[in-house]
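First the structure, in the form of structure tokens, and then the observations on it.
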Amino acid sequence: MASLVIVGESEDVSFTKPLGRLSVFYYGVGHMLNDITASCWFTYLLLFLTQIGLSPRDAAIVMLSGQVADGFATVFVGELIDRFGHFKIWHTAGSLLVAISFSSVFGGCLPCTILHSNSLTLETLSYSMFAAIFNIGWAATQVSHMAMVNYITLNSTSRVALTSSRNAFSMVANLALYAIALVVFGVSKADTKENTESQYRWIAYSCITVGCCFVVVFLMGTKEPRLRITLRETNRARIPWAYWFRKILYYQVAMVYLLTRLVLNVSQAYLAFFVIDDLQMAQSAKALIPAIIYICSFVVSVMLQEIPWNGKRLKAYYCAGGIIWMFCGVSVLFLPRSINSFMYAVSVFIGIANALILVTAISMQSVLVGSVLGGCAFVCGSLSFLDKMSCGIALYVLQSHKSGTSPEVVVNSTHSFDFSVTRYGLGLVPAVCSFIGVVVTYFMELDGTIVKPLCQPLLLE
């Protein structure tokens, strides 16, 4: 069994003292590049690809290629980090890949330009290749940053402060994206393929610039963690995978985490489609409504940090968030376009529900891992693998069934709506996943009090 030790009494004391505000700030900004590019990925990728001429199925292939690459990379990187450490090296390498490749994901088909070809097959292959590269870099940055928090300090309060800071800047990153998008969509028109590509290229470049600035701040302000894992009974500071696979709680937490990510990612992917195609709202709405969701999530996330957590509260708050999402899903499913402004109210409750299920789902991982630091990165990687694969497959299946026609449902004589794939993606899928997540959580056995040091951020990536 691996245990954490520090040589020297003075170092032991220093690592149990609370961290200063600057240390917390420097760590918190380290995931900004990942956050802002991931938000753009899930919110606008499918919309962008279909607007430039790719079929819904081809757009889904691009998304799936990135998700699959991300899923396998998280497991691989997590295993290597558990073995060798060097968090900042992994973080830097991943950030470089993200910055270089993301501009090509939204920057047009580079091979098509070089070969002077308009082939949709070549275009799909090109976007898929850069999507895979982007997600490999994204995974390296994510796993290294998430696992680092437990090696920076032994102080549980400081660990919560680090993860709270990370979550706060995650919300800032998402709001920055929608502010950028609101400006770009407002000052330029997407009346041709070239203009559409130009719109999203400017969004991508702006995201990369903002994110890279914060990565530099993180690298300059955060030192490589000096805590070390040593062994008492074995010759390697690593927990075997079978240790986790023998735990029933691992499967329960994995299921809840998977369902939570399905709720968030699938709904985010279809939100822009829904407000533009189904509700026929103004172009600015595809930036304004997501911004409302993230503002509400941020406020609730900050409030949740003031609560002393235990197992019962984790379950209660997750169930509350899941139930709210069920009502939101039903509202989306039957919302007619004649009262599309009601979507602003629905977005407030979606933001609240997102924060509730996200905070508690990640907190359940903390209960699962406890103080077993030797397997922290593996747990993060394996659950992220399930998340990426399930989201990729779900989006591919939904996009494969997307067509230009949907059965129209008439409500009264003046209200109508379509049971479209978009409504299923934003309404039905999150509602069903929330219901299953609530059921699994209800039967989950968690400790009455969380007294072990946290090994996973309370708030998400």
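Just so you know, glycine gets a Cβ as well, placed from its N, Cα and C.
Annotation source TrEMBL lists transmembrane segment at 24-47 (among others). Proximity of distant same-chain residues to the transmembrane segment (24-47), defined by a Cβ-Cβ separation under 8 Å and at least 6 residues beyond the stretch ends, is recorded for 56, 59-60, 62-63, 66, 91, 95, 98-99, 102, 105-106, 131, 134, 138, 141-142, 145, 148-149, 152, 158, 161-162, 165-166, 168-170, 172-174, 176-178, 181, 200, 203-204, 207-208, 210-212, 214-215, 217-222, 265, 268-273, 276, 286, 290, 395, 399, 461.
Among the features that TrEMBL reports, transmembrane segment is placed at 59-81 (among others). When Cβ-Cβ distances below 8 Å are used as the criterion, the transmembrane segment (59-81) is approached by residues 41, 45-46, 49-50, 87, 90, 124, 127-129, 131-136, 138-140, 142-144, 147, 269, 377-382, 384-389, 391-393, 395-396, 398-400 of the same chain, each at least six residues removed from its ends.
Under 8 Å from some Cβ of the transmembrane segment (93-116) lie the Cβ atoms of residues 33-34, 37, 40-41, 44-45, 48, 122-123, 125-127, 130-131, 133-134, 136-142, 144, 197, 200-201, 203-205, 207-208, 211-212, 215, all in the same chain and six or more residues away from its ends. Look at TrEMBL and you will find 93-116 (among others) tagged as transmembrane segment.
Among residues of the same chain six or more beyond the transmembrane segment (128-147), those with a C-beta under 8 A of the stretch's C-beta atoms are 30-31, 33-34, 37-38, 41, 45, 61-63, 65-70, 73-74, 77-78, 81, 87-88, 90-91, 93-98, 100-102, 104-105, 110, 166, 376-377, 380-381, 384, 388, 456-457, 461. Residues or ranges marked as transmembrane segment by TrEMBL: 128-147 (among others).
What TrEMBL records for 168-190 (among others) is transmembrane segment. Same-chain residues lying 6 or more positions outside the transmembrane segment (168-190) and placing a CB less than 8 Å from one of its CB atoms are 28-29, 31-32, 35-36, 39-40, 43-44, 51, 196, 198-199, 202-203, 206-207, 210-211, 214, 283-284, 286-288, 290-291, 294-295, 297-298, 301-302, 459-461.
According to TrEMBL, the transmembrane segment annotation covers 202-222 (among others).
The transmembrane segment feature in TrEMBL is assigned to 248-275 (among others).
Within its own chain, the transmembrane segment (287-304) is flanked in space by residues 43, 164, 167-168, 171, 174-175, 178-179, 181-182, 185, 268, 271-272, 275, 281, 317, 343-344, 347-348, 350-352, 354-356, 358-359, 459, which lie at least six positions past its ends and keep a Cβ under 8 Å from the stretch. As annotated by TrEMBL, transmembrane segment applies to 287-304 (among others).
Annotation comment: TrEMBL describes 316-335 (among others) as transmembrane segment. Long-range Cβ contacts of the transmembrane segment (316-335) within its own chain (Cβ-Cβ under 8 Å, at least 6 residues beyond either end) map to 256, 263, 274, 279, 304, 342-343, 346, 349-350, 352-357, 359-361, 364, 411, 417, 419, 423-424, 426-432, 434-435, 437-438, 441-442.
The annotation transmembrane segment is assigned in TrEMBL to 341-360 (among others).
Residues annotated as transmembrane segment in TrEMBL: 367-386 (among others).
Panel annotation: around the transmembrane segment (424-444), residues 249, 252-253, 255-256, 259-260, 262-263, 266-267, 269-271, 273-274, 315, 318-319, 321-323, 325-326, 328-333, 353, 357, 361, 364, 394-395, 398 of the same chain, lying at least six beyond its termini, place a Cβ under 8 Å from a Cβ of the stretch. Taken from TrEMBL, the feature transmembrane segment applies to 424-444 (among others).
Same-chain residues lying 6 or more positions outside the transmembrane segment (248-275) and placing a CB less than 8 Å from one of its CB atoms are 39, 42-47, 63, 281, 285-286, 289-290, 293, 318, 325, 332, 340, 343, 350, 354, 357-358, 361-362, 364-365, 367-368, 379, 382-383, 386-387, 390-391, 394-395, 398, 421-423, 425-426, 429-430, 433-434, 436-437, 440-441, 443-446.
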